Amino acid sequence: MFELKDVTRRFGKKLAVDAVTLTIPQGQMVGIIGRSGAGKSTLLRMINRLQEPSSGSIHFAGVEVSGLRGRALRNWQRDCAMIFQQFNLVPRLDVLTNVMLGRLNHRSTLLSLLNIFTREERVHAIAALERLGIEQTALQPAGTLSGGQQQRVAIARALMQNPKMVLADEPIASLDPLNAKIVMDALRDINEREGITVVTNLHTLDTARNYCERIVGMAGGRVVFDGKPSDLTAEAVKEIYGTDKDGAGIDETMTSTSIDIAPERADNQSAGIQPLALAGL
């Protein structure tokens, strides 16, 4: 069980997140929607403790996450994997190494500094890449990949952490519709197959409806909607996104990312190369 209790964040006089209280059962997939500046990203960064709450508390499995320090905090950031819109990869390092960096908080400092990884870690990393259909990129510099491929590498890196919770901050904001679907399919697969809680910030209403069993709407730093996709009425959407200058509500087709694609794509295959051979194993 994950809980936020009256979590607030101020930046000077600006109230970015205003007394948010949420309870999320283990294994739920939650989409947080709202306009830019609604407080979505700040909320996720506080959950991961990349930013500190000004007040309120955060709890996971009975532990007050907002009070953790030192090694306990590093362990939480390992257990609560974060996926960013900007991917946060090391462009000059190959894809395989970027994925294995997800093991940093599981390893000794010396091994991490020397980038020495075990055979088991390499096998695990290749399996994560294979699961996301990009094992053929294992030895390429991460900076040479497309945006969609880089986001899948970031998801593979998150899997390497063996997380209990995954936070995805606008994971498809910079992607085309095809890659957006691939990334969202991957997040849903993680949620359904491992039973890992996934909380993702999204701009697009159709994506939230199609992938998330629960939707949280934010406006002005506050939660103004919390319910099932079927409960997200036109009035609720208007409260979340506001109206245009004529007072009309938002047209959901303006945020659509819908696209129909086959489950498997030929360019995701590794042309017969065995996955372990890609890692020199």
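Placement of Cβ uses the backbone N, Cα and C atoms for every residue, glycine included.
These come from Swiss-Prot:
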| type | residues | note |
| --- | --- | --- |
| DOMAIN | 2-245 | domain 'ABC transporter' |
| BINDING | Gly34, Arg35, Ser36, Gly37, Ala38, Gly39, Lys40, Ser41 | ATP binding site |
Cβ-based isolation winner (fewest other Cβ atoms within 10 Å) among the binding-site residues Gly34, Gly37, Gly39: Gly37
For the ATP site built from Gly34, Arg35, Ser36, Gly37, Ala38, Gly39, Lys40, Ser41, further residues of that chain with CB within 8 A of the site's CB center: Asn201, Met218
Residues near Ser41 (ATP binding site) in space but at least six apart in sequence (CB under 8 A): Asp169, Glu170, Asn201
Neighbour tally for Ala38 (ATP binding site), based on other Cβ positions within 10 Å of its Cβ: 24
Position of peak Cβ density within 10 Å, selected from the binding-site residues Arg35, Lys40: Lys40
Which same-chain residues, if any, lie at least 6 apart from Ser36 (ATP binding site) yet have Cβ under 8 Å of it: His203
